[in-house]
Amino acid sequence: MSTRTAVLDLADVRLHYELRGQGPLLVLIGAPMDADAFAPFADELATDRTVLTTDPRGAKRSILHDRSQGSSPEQRADDLAALIEQVDQGPATVFGSSGGAVTALALLQSHGELASVVIAHEPPLLELLPDRVDQRRLTDELRSAALSGDRVGAWRIFFAQANIAMPEEALVQWFGGEVDPQHHDDEQFWFRHELPATVRWEPDLETLRARAGDLVLGIGEQSVGQLCDRTTTALGERLGIEPTRFPGAHTGFVDHPAEFAARLREVLAR
C-alpha cells in the first residue's frame, strides 16, 4: 500500500501525517504511539478508505516549537481537528487507542462535527476509578523514577500499575540498554507532560452521553483485569455503553492487525 506523507504547520507545532488509500476518511491515532506503529493496521483498512495516521505533538516527526508547552488531550484534539480539516474529507471515523482514545474523546467533545463515529480503545482515564488517589500516587512515582534517570524502575511501576505481567528479565532487556537520543527525548516528554495530562483528564460525561450512539468503547479480549479494562468499563457504566471486545490486548491492533481490522469493520457495519 502506497503512503503519502505531508506536514501541517500550526502555531506551535509542525504535525507529520500520512495518508493511505481512497474512500471515506478513517483516522487512527495513538498517544504516545506514532504513525509507524499503526502502519500494518492502516494498510489492512486502506483498501476502501482514506486512512490518516499521525505522530502526536512532541513525538518523533511532529515537532513542537517549545517542548515545555506539553501535550494535553485538548491540544491533541485541536491538532486532530486541524488535520481532518486539512484533508477535507470529514466528518471522519476516528479510532483512538490508549492516550489516542482520550484524544478521540476530547475531539468528540470539542469538535464533534468533525467525527461521525469514535472508537475509543482502552482509554486510561484513571480519575474514573474508585482507587484514583492510589493511581495518582503510582503515576507520580513512575514519573519521578523516569525523570530521575531510572528508566527500568519507571517501566517496572508502569507495568505493575497497568496490571500487565512483565518478567524482570524482559523488563531489563527492553528498557535497560542504550536508547537513541530522539527516543529518549520523546519518552521523557511523554513522562513529563503527556502521560499525566492524559490519565488525569476528566471527560464531559453529559456531552459524551449526547453522542453515545456515535461512540464505541473497545477493550481487548486479553485485557481482562488490566487497568485499561477497568477504566474503559468505568466510562461505559457512566455513559450507558456496553464495551465491545477486540482481538488481543492493549496493543491488539499492533499484534494482530488483520484480525483487528476485520473486527473493526464488523463494528462499523452495525
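Cβ coordinates come from backbone N, Cα and C, glycine included.
Automatic prediction, not curation, is the source of TrEMBL annotations.
Annotated features, as they stand in TrEMBL:
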- 24-123: domain 'AB hydrolase-1' (DOMAIN)
- 57-76: region 'Disordered' (REGION)
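As a whole-number mean, the pLDDT of the domain 'AB hydrolase-1' (24-123) in this prediction is 97.
Across the domain 'AB hydrolase-1' (24-123), the DSSP tally of helix, strand and coil residues reads 44 helix, 25 strand, 31 coil.
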